Structures are given as C-alpha cells and as structure tokens.
Amino acid sequence: MYLQLESERANTSGAEERLARLVTQKADLEQQVKDMDERISEEEEAAGELNNKRKKLEHDIDGLKKDIDDMRLNLQKSENECKTRDNQIRTLQDEMAQQDETIAKLTRERKRLEEQNTKTTEQLQAEEDKVNHLNKLKSKLEQTLDELEDSLEREKKSRADLDKSKRKLETDLKALQGIIEDLERSKRELEENLKRKDQEIQQMGGRLEDEQGQASSLGKKIKELQARVEELEEELEGERQARTKTEKQRADLAREIDEMGDRLEEAGGATSTQVEMNKKREGELAKLRRDLEEANLQHEATAAQLRKKHQDAVNEMGEQIDQLQKLKNKLEKEKQSYKSELDDIRTQVEHVHKGKAAAEKLSKQLEQQLSEVQIKVEDSYKQVSEFTLIRTKFTSENSELIKQIEDLEHQVSALQKTKVSLQQQADEAKRALEEEVRGKGSVNSQIRNLTADLDQAREQLEEEQEGKIEFQRQVTKLNAEVQQWRARYESEGLARSEELEEAKRKLAAKLTEAEEQVEAALNKCNALEKVKARLQGEVEDLMVDVERANANASAMDKKQKQFDKLINEWRQKCEDITVELEASQKEARHYSTELFKLKTQYEESQEQIEALRKENKNLAEEIKDLMDQLGEGGKSIHELDKARKRAELEKEELQAALEEAESALEQEESKVLRVQMELSTVRQEIDRRIHEKEEEFENTRRNHARALESMQASLEAETRSKAEALKQKKKLESDINELEVALDHANRSNSDLQKTLKKIQITVTELQTQIEDEQRQRDEAREAAAAAERRANLIVGELEELRTALEQAERARRAAENELHDAADRISEISTINANLSSQRRQLESTVAAMQADLDEAVAELKNSEERSKRAAADAARLAEELRQEQEHALQVERLRKSLEQQIKDLQTRLDEAEANALKGGKRIIMKLEQRIHELESETELEQHRHQETLKELRKNDRRLKELAFQVEEDRKNQLRLQDLSEKLQSKIKIYKRQVEEAEEIAALNLAKYRKVQTELEDSAERADVAESQLGKLRAKNRSTVSISRASPGREIRESTITRSASIMRSSSVRPR
C-alpha cells in the first residue's frame, strides 16, 4: 500500500498542472468532505455497533467451540458404545445361530417322536385287531359254556327225578326187608317142623322146582335188563361222543388261542425288528396307512365270516341240545318201564332170598369198595362246593369292580367332554392371538414405511444442508473477492471508484441472489420439518395403536395362561382317574385269573369223574361176566334137582329095604341139619349186613341231598356270573369301540398338529426374514451415524473457515480505521467496506442461526442415539439372558427325552418278556394285551402331551421372535411369559417323572402277581400229580378186588349192588356238568 502511495505522490508532480483546474473543484470537494465527515461519524458509530456485535459473535463462537468439543467427546463415546454394541450384536447373532441349531435339533426330535407315535398307533391297531379276534373267540366260548350250562340244568332236573325214584325204591326196599324178616320167622318155624315132618321134604322139592323155574325166568328178565343197560350205555356213549366233539371244539379254540399267542410273540419280535428298521420306513408311512385301511376292511370281512361261523356253531349246538332232549325223553320212558318192572320184581324178590347167602362174601367186598369210592366222591363234592363258594365270591367282587369301572368310565367321558370344550376355547383364543399378531405385523409394516419416509426426508435435509454449505463456501469466496477488490481500490485509488461501484453493484446483486437462495433453502427446511413433525405424529399414533394391540395381546396371553391352568388341572384329574381305572382293571384281571384257575380245577374234577365212569363201565362189564356165570350155576342147580328127584324116586322104591333106607335117612338128616345151620348163620349175616346197608344208604342219601343243594346254589351263582360276564363283555366291547373312536380323534389331532407345525415352520422362515430386515436396518443406522459424524466434521471445518473469515474481517477493520485517519480519499472504500461488512454480518448471522439449528439437531440426534444405544444394550443383555435360559431349557428337555426313551425301551423289554412268559393261556394273553393297550394309550397320551408342549414352545418362540422385531416393552413381557412357561415346563417334567415312577411301580406289581400265579400253577400241577397217583392206586385196588370177586360165589347180590353203585356214579357224574 505504501509503494502505491509513493507512486501516487510521484504522479502528483505530473498532476500540478491540473491544480489550476482543480482549485475550482476544491471548494466543491471541501463541501463534499464536510458531508463525508458527517458520514464518517455515522459510520464510526455503526462500526462501534458492529464491534459490539462482533464481540457478541466471538462470545457465541466460543460457546459453539465448547459445544463442538462436547459434541466431539459425545461422538467418541457414541462411537465406542457403537463398537461395544456391535460386538454384543455379533455375540447375539452367534447365540441366535446356536438357538437356530437347537430349534433344528428340536424339530428333528419332534419328527422322530412323530414317527414313533405313528409306529405306536400302528402297533395299537394291530393289538386292537388281535383283541377283537380274541373277544370274538371268547364270545364263542361263552356261548358254548351257556349251552353246556343249559344241558347241565336239564341233567340236574333229570337227576332230581331219579333221586325221587330212588327214594321210592328205598321205601320199597324197607318194605321188602320187613317181608324178608317175616319170611325168615316162618322159615325158622318150618325148620323146627322139618325134624318132625318128612313129608314136607317132597313139598320142598316141588317148591325147589318152582323156585328154579322162577330163577330161570328171573335170569331171562335179568338178561333183558342187561340188554337195556347196554342200550343205555350206547346212548351214554353217544352223549360222550357229543361231549368229545365239544371237547374237540374247545381244543381247536385252545389251538387258535395258542396260534394267537405265537402271532403275538411274532409281533413282539417284529416290534424289535421295526425299531431297527425305523430309519428305512420313513418313506413307507403313507403306504402303511393305506395297508392299515385295507387291513381294517379285511378285518371287518373276517369279522362277518366269524359271525357266520359262530351262528353255524350255535345252530349245531341247538341241534345237539335237541338230541339230548330226545335222549332225556327216552330215558324218562325207560325209567317208567323200569318202575313197572321193579314192581314185578318186588313180587319175585321173596323167592330169591335163598341165593343171598352165597353172595354175602361178594357183597362185603363190594361194600368195602363202595365205601372207599363214596369217600372219594364225598371229598370231590366237598372240593367242588368249596370251589363254587370261591367262585361266587369272585363273581360278586368282579361285579362290584365292574360297577366301579362303569362309574369311572362315565366320569372319564364327562371329563373328556369338558376337556374338548376347554380345548376349543383355547383354540379360539389362539386364533384371536394369531389375528392380533397379524394386525401387529401390518402396523409394523406401516411403521417401516413411515421410517423409510423419514429416511427420505432426512436425506433431503442433508442435501439441503450440503447446498447450504456450498452457499457458505461461495460467500467466503465472495468475501475473498471483496478483499481483493478492496486492495485494488486502495492501490488504484479514486480513479477506479466507478469500477468499484459497478463491482459493488454486481456483488450486491450476487448477494441478493445468494440470500434469495438461502431463503428458499430455509423455506424447504421448514417444509421438511413440518413433514417430519407430521410423520412423527403419525408414528406416535401408530405407537399408541401398537401399545393397544400389545395390551390386548397381553390380556389374551393371560387368558391363555388361565385356560392352560384349567386344562392342566383337568389333565391331572383325568390322569388320577385313569390311574384308579387301571388299578381297578388290574384287580378285575386278577380276579379273572383266579376264576380261570377255578375253571381249570373244575375241568380236572370233571376228568376225574369221567375216569370214574370208565371204571364203572369196566365194573359193569365184569357184572355181565358174573351174570353169565350165575346163569351157568342155575343150570347146574337144575340138574342137581333132577338127580335129587331121581334119588327120591329110588328112595320110595327102596323104602322096602329099611336097613338101607335108615342109613340113607340118617345121612340125609345130618345133611339137612348142616344146611339148616348154614341157613341160620347166613340169615343172621344177611340181616346184619342189610341193616348196615340201610344205614349206609341213609348216609349216602343225606350226602346226595346236601350235594344237590350245593350244586343248585353253585348253578345259580354260575348263571348270575354268566349274566354278569355277558354284561362285562358288552361293556368291554363298548369300551373298545370308544377307544377306537379316541384313536381316530388322536390321529386326526396328530395330522392337524403336523399341519400347524408346517405353518409354524413357515412363520419361522418369515421371522428369519424379519430378523434379516432388522439387521439391514441396524446397518442403515450405522451408516446414518457415520453420515452424522461426517456432517459434524463438515460443521467443524465450516466453523474454522468462519473463524478465519472473522480474523480477516478484524484485520481489514483495523486497516480501515488506520486508513480513515490517514486519508480522506478512503471514505468511499470505507463505505463499501461497511456495506460489505453489513452483508457479511447478515450472512454470518444466517450461518450462525443455521449452525445453531444444525447443532440442536445434532444434539437431539446424539440424545436419540444414546437412548437407542442404551435400549440396544438392554435388549442385548436381555436377549443373552433369554438365550442362556432357552439353551438350558433345551438341554434339560434333551436329557429328559433321552431318559424317557431309555425308560420306554426298558418297559418295552419288560413287556416283551412278560408277554413271552404269559403266552401259556388265552385269558392271560388277553389280560396282557389289555395291559399293553392301556400302556400304549398312556404312551400316546404322553406323546400327545409332549407334542402339544413342543407346539406351545414353538408358538411362544415365534411370539418371541416377532416381539424381538417390535419394541423393548414387549420383550420384557415376553421375558415374564418365558419365566412362567419355564415354571410350567418344570412342573410338567415333575409330573412326567412321577408318572414314569408310577408306571415302574405298576410293572413291578404286575411281575410280582405273575410270579405268584406261576407258583400257584406249580402247586396245582403238584396236586394234580398227587391226585393222579392216588387214582392209579385206587384203580389197582379195584382191579385186585374185581379179581377176588370173580372167584367168589353169590353173584346176583353183587350185580344188584354194582348196578346201584353205577347209578350213583352216573348221578354224581351228571352233577358237575
């Protein structure tokens, strides 16, 4: 500047020539100087005001610097927090991946459990088919038992008629015994008169001939009776053949039961093979279901065929009953004919008393045998009576247990109905929850759209701010140009004042344009802020709606929890009732096994009676032989009588020769005396034995009467038990039908659950996509934070530029003040400088206002980012805690599942062993199958419970994932829900453990009962062996006595006693039927 002044002074020498011309102008210029002084004073005042304003601006800039430093610290803190949160988010992502892996494992486990459930349902259906087949066989056997019991009742009636006829015969025998005593008295009188009367010998000879004729007629009648007896025996053989047919049918049924047992064993082996082939059969499940449906159709066809066979068997049994009725009618007719013949025989018995003496020895032996046999029969009757009493007790107890089972079944049905209603309510609540979740999803989508609009508005604001920064840069450039123009003005002087004014005008025009642009940008910013406020209001309204939806969801969750509690309580009640039902059914099975034992003992007693019948038949054949021998003895007696007659004729012819006749008479008298002595002894023995026989007959009659009464009572008890058994059978069939219906429902529910699982998997995929969107939003937030940092850096740069501009302005102001004192010609420049300073002041004020607004926005964004970071940290900590709890819960579930699988395998092996040991009888197989059905039902229920629990867990996991996409408050609520759910799961795990322990205790009790039954069977087998040995001894004794009896005389009385014993044995053999 000084160089320019020197150059100007040098130029003044050239300008002195002009002074003359300028003197005139000097006055004008002095006047102008005065004016300019006035203006300078005004400008100085304005400069003082500008200095004050500058100081204020410097103070504001210092505050802004402090704010900028605070902003930098906050930015560093936020960057550090962002880094820590990024690390936390990475850890959370890793934990989420682990949780996804655990969810995948749980889905695999669920699939495996579903496969096991399908296999158990298939096994259940197979077992149900077997149970239905066995029930049909049982119904057939019960029908045959009913028919046999009807025939038994008929036989009992016929036996009662025979007892009546026997009593009549006993009264007739007593009358005959009185007559025999009278005859014996007359005989004694005759024997006393024989000594005096020789003529009566001839009369006795005639009587002997008459008696021999009567004996021959009696022998003929005896032969006819024997022929009739043979016919009766043939009819008995026919009845035996019919009975053998029935026994063959029973044996066939037993074989079928054994075959079913073998099939059961094969099924048990098949289950073990199926466990190994589980992995290969996943693709064949659909085919197996079709095969199951076809098997069900075939089963129905076979059931129809079996019904037809059963009807045919019933018709055959009806024909057999008709044949037995005909036989009964024949027997009644023959009984009447026997009565008439007995009346005829009574008249002839008087002439047969002489033959009794010879048969007394045989009668003693037979009486001993009869006494032994009667003792055995009485023992067998006592045993039968004891068995019938035990059977009646068991039937009464069984009926009571059946009533209890019916009551429990009614209760179970009522509870199931209530359970279904509660399940429907729960499903409705779940649907409402799903609808609310959908509403939440729509609200979230709206929120996302609004956030996108906000991001767009923010981008526009950033663009406007960038434009503003560019304008500020242009202003700084213009300030630099102004300074350049000021320097030029000082150098070039007043000569270029006109050019400076033109430049000033141009700059003023540019400044006005820049101000207009700044005002337009500010208007745009205001408009964007209005849009932002409007969007924030909409967001707040949407948040209010979301909170309402969350409140509704929480209320619905509370209702769902209440419903779950009610369902758990009803489930507990159902489980307690099922436990009581199983205990009662086990007791009923125990009683049925004892009934089966009694039936087997009853059949063994029947077999013993049949053996006794066979022995009776052998004795009857021996009686036939004895009768033949008696006929031969009668012939020899007849020949002796003829010889005696001849001797008497010779005696009459030789009466003349008295010497020879006297010797002959002495000999004959001695013979007669011997015969009379023998007759008297024989009569005494016969009287004594008849008296003993009468006492024995009375005892046997009393015993038979008692046995008949006991048998009638047992028959009535059997009829009652049969009726109750039929009722029980019907109830069991109804129970089986209900169980089939329940199985169908379970299968349907399983299919529905599979569908819901698929839906849940779809929702899980959607949630994964939502999580990815959230991750994208997080990345966008990071980018926004980075942009904010860049903006802050730009603002800091602009502040530094403003500082430099202010320093330059201060320097220019000082230079201007110095120059004002130096030269007056700088007044124009000062005016321009003042104008520029005023424009710069306006620009600075506008920039300061903009910077203040930017600072306010940056502070608000920092506060929002801090709140977001705090929320994200809280979310991260809560998510980490939830992930840890879920991992622990998953591990607990995995351990429990493995332990339950091991226990199921152990129970399966125990059941297989029990079934293999219990395949000895059809009833035991039925019991084991029923037990197996109950166990499979309990297992299916457990699997359903587990399935439902897994579904609940999946649903709640879905809710959690959705709520993670929402707000922090919902996450806290979900945490509370998860805690409740964990408590529920722990209570359920305890319940499952308790159920498993109860199942193990029940299995131990069943094993103990089974061992007890085995010991009882061994004891019964030992008793049977002892009884068989005793029977062998008795048969040997009978054979020895029969051989002795063949060598002894007097066979007519033995025949009569044997026929009586045979009739007694027949009656006793008919009785147990």
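Cβ coordinates come from backbone N, Cα and C, glycine included.
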Can you identify, from 66-101, 678-713, 1038-1073, the stretch that TrEMBL calls region 'Disordered'?
1038-1073
Match it up for me: which of 109-131, 937-959 does TrEMBL list as region 'Disordered'?
109-131
What are the helix, strand and coil residue counts for the region 'Disordered' (146-168) according to DSSP?
23 helix, 0 strand, 0 coil
For the region 'Disordered' (109-131), residues assigned helix / strand / coil by DSSP
23 helix, 0 strand, 0 coil
Between 0 and 100, where does the mean pLDDT of the domain 'Myosin tail' (4-1037) sit?
68
